[in-house]
Protein chains: 2
Amino acid sequence: MQTESPAIEKEFMEYVKKISHYNEAVGLIAWDLRTGAPRKGAAQRSEVLGSLSSEIFAMSTSKDMKNYLTELRQESNWEQLDEVTKKTAEECEKQLKKFENIPPEDYKDYVILTSNAEVAWETAKDTADFDSFKPYLEKIVAYNRKYTEWKGYEGNKYNALLDDYEPGLTVDVIDEVFGKLKEALVPLVKEITNAKDQPETDFLFKPFPAKKQEALSREILENMSYDFEAGRLDTTVHPFAIGLNPGDVRVTTKYDENDFRTAVFGTIHEGGHALYEQNVDKKYTGTPLCTGTSMGIHESQSLFWENFVGRHYAFWERYYDLLKKYAEGQFDNVGLEDFYRGINVAGPSLIRIEADEMTYSLHIIVRYELEKALINEELEVADLPEAWNNKMEELLGVRPEHDGEGVLQDVHWPSGAFGYFPSYALGYVYAAQLKKAMLKDLPDFDNLLKKGDLAPVKDWLTAHVHQFGKSKKPLDILKDATGEEINPDHLIDYLSTKYRQVYGLSL
Amino acid sequence: MQTESPAIEKEFMEYVKKISHYNEAVGLIAWDLRTGAPRKGAAQRSEVLGSLSSEIFAMSTSKDMKNYLTELRQESNWEQLDEVTKKTAEECEKQLKKFENIPPEDYKDYVILTSNAEVAWETAKDTADFDSFKPYLEKIVAYNRKYTEWKGYEGNKYNALLDDYEPGLTVDVIDEVFGKLKEALVPLVKEITNAKDQPETDFLFKPFPAKKQEALSREILENMSYDFEAGRLDTTVHPFAIGLNPGDVRVTTKYDENDFRTAVFGTIHEGGHALYEQNVDKKYTGTPLCTGTSMGIHESQSLFWENFVGRHYAFWERYYDLLKKYAEGQFDNVGLEDFYRGINVAGPSLIRIEADEMTYSLHIIVRYELEKALINEELEVADLPEAWNNKMEELLGVRPEHDGEGVLQDVHWPSGAFGYFPSYALGYVYAAQLKKAMLKDLPDFDNLLKKGDLAPVKDWLTAHVHQFGKSKKPLDILKDATGEEINPDHLIDYLSTKYRQVYGLSL
C-alpha cells in the first residue's frame with residue numbers, strides 16, 4: 001500500500017503551481033506585446049510584467065521556499081517523494097541559487113528596463129540608430145556583469161550565464177566546439193562562394209501573397225502534427241514560439257511577399273519549438289518541469305525540422321507540388337532539382353535570421369565571442385558596433401553598412417538574454433547528432449519525407465526528447481538519445497557533404 | 001510650500017498600483033480567452049485566473065490594506081491627502097467591504113468555476129443544451145445568494161449585487177423606473193407591430209463580405225475618435241470592449257455576412273465603451289479609479305453612440321455613402337429614407353444583442369426580474385428556462401423554441417455577473433438624459449452628425465463623463481451633467497416619437 005504524501009509535499013506542489021501560474025501570465029503578456037498590443041499601452045504593461053516577475057522572484061527565493069526545500073531534503077522525506085516532486089524540488093533549488101543573491105529591487109528594475117528596452121530597440125533598429133539604444137544596452141550589460149557575481153561561477157564569468165540557458169556546458173567546451181566549426185566552415189564558405197556552379201535563385205523573389213503563404217504554412221504545421229486546438233499562428237516582427245501550457249503553445253511568423261522562404265522555413269522552425277512544448281508529458285503541468293529542458297535542446301528541435309526536414313530534397317519531393325498550388329505560377333518553369341538548389345543557396349550575409357544553414361553557426365559565433373567579451377569587461381558597449389562589424393568581416397567576409405543590419409538586428413540583447421546565443425549553434429550540433437541517431441530507428445527517413453509521412457519523425461522526437469520536459473538534463477537527453485557527448489563532427493560532415501553537392505564540388 | 005506626502009501615502013499608492021497590475025493581467029487573460037485562445041489550454045488558464053484573482057482578493061482584504069486605510073483615515077493624515085489618494089482610499093474601502101467577509105477559498109473556487117462555466121456555456125448555447133450547463137449555474141447562483149449575505153444589504157437581498165454594478169441604485173428605484181418603461185413600451189411595441197406601414201428590410205440581408213465590414217467598422221471607429229494606437233479591433237463570439245489601461249483599450253466585434261448591422265452597430269456600441277476607457281484622466285492610471293464609474297454609466301456611453309448617433313437619420317446623411325462604398329451594390333436601389341427606416345425596424349424578437357432600441361429595455365427587464373427572483377430564492381435554476389419563456393411571452397409576446405435562443409443566450413450568468421443586467425436599461429435611460437443635456441451645449445447636434453464631425457460629441461462626453469473615471473459616483477455624474485436625478489421620461493419620449501414617426505403613426 002502506498003503511503004499518503006505528507007502534507008509538506010502537497011503544500012510545496014501547490015506553492016510551485018502558483019509560481020507556474022504567474023509564469024503563464026507573464027508568458028501571455030510577452031506574447032501579446034509582440035503580436036499586436038497597442039503601442040501606447042506598452043509602458044504600463046511593462047510595469048505589470050515588472051510586478052508579476054517580482055512576485056515570481058519573491059516566491060522563488062522566499063523563506064517559505066527555502067523551508068520547503070530544506071524539509072523535503074530531509075532523508076525521511078526525500079526517499080518517499082515521487083519523481084515529479086523530486087525533480088521539481090531540484091529545479092527550484094536551481095532557481096533559488098540563480099535568484100537568491102539578486103537584490104529584489106535590482107531585479108524588478110531590470111525586468112522593467114528590458115521590457116522598455118525592447119520597445120526602444122524596435123525604433124532604433126528601424127532607424128539604424130545605435131546611439132538611441134546605447135543607454136539601455138549599457139544598463140543591461142552592467143546588470144548582467146553584476147548578475148554573474150551575484151550568482152557565482154567557476155572559471156569564466158560567462159559560465160554563470162551559460163548555466164541559465166545550457167546547463168552543463170562551459171566556455172571551455174564551447175570554445176572547443178565552436179573552434180572546430182570555425183575551422184571547418186570558414187574555408188567551406190569561401191570555397192562555396194567561389195564555386196563556378198552557383199544555384200539559380202531569381203525565381204525565389206517573385207510576389208507570393210501573404211494569405212497564400214499563411215495557408216501553406218498552416219498546412220505544413222498540421223502535417224508536422226502541430227495541434228491547432230492547442231495553439232495558434234500569428235504574425236510578429238521577430239518570430240518566436242511560446243508554450244504557455246501544453247494546451248496552449250503559440251507560433252508566430254512573418255510574411256515577406258517577395259520571399260516565401262522567410263515564412264515557410266520560419267514557420268517550420270517555430271513549429272519545431274512548438275512540438276516540443278505541446279508534447280511534454282502532461283504530468284509535469286503546473287511545475288517548472290513543464291517546458292523544454294534547455295535553449296540548446298529546444299533549438300535542436302526547431303533546427304531539426306527547419307533543416308533536416310524542411311531543407312531536405314526528399315521533403316520537397318512531396319511538398320513542391322503543394323507549394324506550387326499556393327504560389328501564383330512562380331515555379332511553373334522551375335524543376336525540382338533547381339528549386340532544391342535555389343532554396344539551399346548559401347553564402348555570407350548580414351542578417352542571422354535570414355542566414356542559410358551553412359553560415360548560420362558563424363553568425364552565432366560572432367555574437368558569442370562579443371557577448372563573452374562584454375561580460376568579461378574586455379569590450380564596452382560604446383565599442384560594440386565597430387567590434388561587431390570587424391568580427392563579421394573576419395568570420396563571414398562581409399561588413400554591415402549600418403547598425404540596423406548589424407549589431408541592432410536581434411531582440412536578444414534588448415531583452416537581456418545574454419548567454420542565449422550559443423544555444424542556437426549548440427542546438428544545431430545536437431540536431432545533427434539526433435538525425436544520425438534517428439536514422440538507426442528510421443532507416444527509411446528519406447522515404448517518409450517523400451511520402452509526407454512526418455508523424456514517425458515527430459514521434460521519435462517525442463519519445464527521445466519532448467516528453468521529458470525539464471525533468472532530464474540537456475546533456476543526458478543527448479547522451480541517451482544518441483549515445484554520444486556533444487560532437488560537432490556530424491554537423492560538419494552534413495554541411496560539407498550537402499553543400500559540396502549543391503555547389504557541384506568534389507566530395 | 002507643499003508638505004511632502006507622508007511615507008504611508010506613498011506606500012499605500014504603491015500597494016494599490018500592484019493590485020492594478022494584477023487586474024490588468026486578469027483583463028488581458030480574459031480578453032485572450034474570448035478572442036482566440038486555444039481550447040485545450042483553457043482549463044489551465046482558468047487556474048491562472050484563479051491564482052491572480054485570489055491574490056487581488058487577498059491584497060484587497062489584507063491586514064496591510066486595513067492598516068493603510070485606518071492610518072489614512074486619521075484626521076491628521078486625511079486632511080492633507082490629495083484628491084486621487086483620497087478617492088482611491090474610498091474605493092479601496094468599498095472593495096474591502098465587498099470582499100472582507102467572503103471566505104478566500106470560496107472566492108478562489110468561484111473564479112475557477114465561472115471561468116470553466118464560460119467554456120461549458122459556449123457548448124451548451126451552441127447545442128441548446130441547458131442541462132449540461134445547469135450544474136454550473138446552480139453553483140453560481142448558490143454563491144451569489146451567499147455573497148449577498150456575506151456582503152450585507154438593506155432592503156432587498158438583490159441590492160447587495162446592484163451595489164457592485166450601479167452603486168446608489170436600489171430595487172425600489174429600479175422597480176419604479178422599469179415599471180414606467182414597461183407601462184409605456186409594452187403597448188408601444190404592440191402598436192408598432194400592428195402598424196400598416198412596415199419598413200422594407202429585404203435589402204439588409206444581402207451578402208456583405210466580412211473584410212469590407214471590418215474596413216467600414218474601422219473607419220467609423222476612427223471618426224468617433226477611437227485611438228487605434230491605444231487599442232485594437234478583434235473578432236469574438238460575444239462582443240465586448242475592455243480597458244486594460246488608458247493606452248490599451250480593446251474592442252471586439254463579430255461579422256455576420258448576411259446582416260451588416262451586427263458588426264456596424266456592435267462596433268459603434270463597443271467603441272462607445274472604449275472611448276470612455278481611453279479618455280479617463282491619466283492621473284488615475286495605476287489606481288482603481290482608472291475605469292468607468294459604473295456599468296450603467298458605461299452603458300450610457302455605448303448606447304449613446306449606438307442609438308443616439310448610429311441610428312440617427314443625420315448620421316446616415318453622412319455615412320450612407322461610405323456604407324455604399326464598402327458594400328457590393330447592396331444598396332444601389334435603396335433611398336436614404338428607406339434605408340433609415342430599414343435599420344430602425346423594430347418589434348418583438350428573441351435575442352437581446354440583436355434587439356432594436358425600442359424593445360431592448362424589455363429584454364433587460366426580463367433578465368432583471370428573473371435574477372432578482374433567483375437571488376431572493378423565489379425561483380430555482382431548474383425552473384429558469386420555463387420562467388424565461390413565460391416572461392418573454394408576457395413582455396415581448398414571443399416564446400423561444402429552444403434554450404439556445406432563450407435562457408442560454410447571454411454570457412453574463414455563466415460569468416457570474418448577477419446584478420449587471422439592469423445597468424443596460426439604466427444606461428439607456430441615462431443616455432437619453434445626456435442627449436437632452438448635450439443639446440443645450442450643442443444645439444446643432446444633427447448638423448454635426450450630418451457633416452461627420454463627431455469630435456464635439458466625443459469631447460462633450462469626455463468633459464462630462466469620461467475624464468472622471470471612477471472618482472465620481474454614477475448618480476453624481478448624471479446629476480452634474482444633466483441637472484436631473486434618474487428619469488425615464490426622456491427615453492420614453494424619444495422612443496415613442498421616433499418609432500411613431502418611423503412607422504407612420506400619429507404623434
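Just so you know, glycine gets a Cβ as well, placed from its N, Cα and C.
Annotations in TrEMBL come from automatic prediction, not curation.
Site annotation (TrEMBL): Zn(2+) is bound by A:His269, A:His273, and the candidate from A:Glu257, A:Glu299 recorded at this site is A:Glu299. Most other Cβ atoms within 10 A: among the binding-site residues A:His269, A:His273, that distinction falls to A:His269. The Cβ of A:Glu299 (Zn(2+) binding site) lies under 8 Å from the Cβ of A:Ser423, A:Tyr424, A:Leu426, A:Gly427, A:Tyr428, A:Tyr430, A:Ala431, each on the same chain and at least six residues away in sequence. In sequence order, A:Ala241, A:Glu270, A:Gly272, A:His298, A:Gln301, A:Ser302, A:Leu303, A:Trp305, A:Glu306, A:Gly427 are the same-chain residues whose CB sits within 8 A of the CB centroid of A:His269, A:His273, A:Glu299, the residues recorded for Zn(2+) being left out. Counting only same-chain residues at least 6 apart in sequence, those with a Cβ under 8 Å from the Cβ of A:Glu270 (active site, proton donor/acceptor) are A:Pro239, A:Phe240, A:Ala241, A:Val251, A:Thr252, A:Thr253, A:Ser302.
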